[in-house]
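Asks: Let me begin by handing over the structure; questions about it come next.
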Amino acid sequence: PCQPAFSKSWFHFVSGLEFDLATSLVGQPLVRQQVMKGLREFLENPNPVKPLVMSFHGSTGTGKTYVSSMLIRYLFQRGLQSPYVHHFSPIVHFPHAELIEQYKESLKRWIQGNLTNCGRSAFLFDEMDKMHPGLIDVIIPFLGPSWVVYGTNYRKAIFIFISNAGGEQINNLTLALWRARKDREEITLQDLEPAISKALFENPQSGFWKSGIINEHLIDFVVPFLPLKHYHVKQCVISELVQQGLEVRPGVVQEVADSIPYFPEEEKLFSSTGCKTVASRISFFF
């Protein structure tokens, strides 16, 4: 029943998503590159060896949720409302540490049931840094290249993990590279990946801590979101004004962007909250 789960033809999907990422996603060249590469390779292959597993990392307001909803909107008719898209938030779905065994059982059954129903399903795990360590390991059998897990072929699914873990390391490295006169367009995955892995591995608070997902290299694409500069925030203000149907006045754009805290103390280079508070601040200036 779920064969036409994907909303558009392959070509429209790729060109549309690529255009949207290029025009609406502010200041994230690496994200665009990684996400498109991952989806292209995965969707062009009629028989993938394993599900596509992407892990989004970065601090608040840098676009992680924005990009994941954009992907889902392109992939599935009805986007996040699609019956084939499943969204988990540890605070909502797994709030009590003492019920971890129960959660493991229900998470496993839930994923199994949904994949049996439709192999082309997507699973979004929000705030992985707040997930109880150990819980995420129950989904390991679904992520690997096993030909038949629990009697069903699950290799066409997409898993996206979203996490602030590694955000601080990404920010520090971006800052160090900026001080070394390296443009953000020149920052590569190789510059950032070791620091992100370290942050995931060594933080006992992280849902990935000591997880087999990391040890068994089941994440296909690590996607780092860089901290946003003042002019990126201005771009966010402009698109928010347009979206709210308000007049784009340069003075207002400047004031909203200036009202956001920036770090580090001396250079005030990067927005502490990315573009997250832009929408709520606009009302103060109108």
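The backbone N, Cα and C atoms fix where each Cβ goes, glycine too.
As listed in TrEMBL for this protein:
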BINDING   Gly58, Ser59, Thr60, Gly61, Thr62, Gly63, Lys64, Thr65  ATP binding site
DOMAIN    50-192  domain 'AAA+ ATPase'
Asks: Compute the centroid of the Cβ atoms of Gly58, Ser59, Thr60, Gly61, Thr62, Gly63, Lys64, Thr65, then list the same-chain residues not in that set whose Cβ lies within 8 Å of it, in sequence order, for the ATP site.
Replies: Tyr66, Asn164, Gly167, Phe225, Gly274, Lys276
Asks: Return the average pLDDT for the domain 'AAA+ ATPase' (50-192) as a whole number.
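Replies: In the predicted model, the domain 'AAA+ ATPase' (50-192) has a mean pLDDT of 90.
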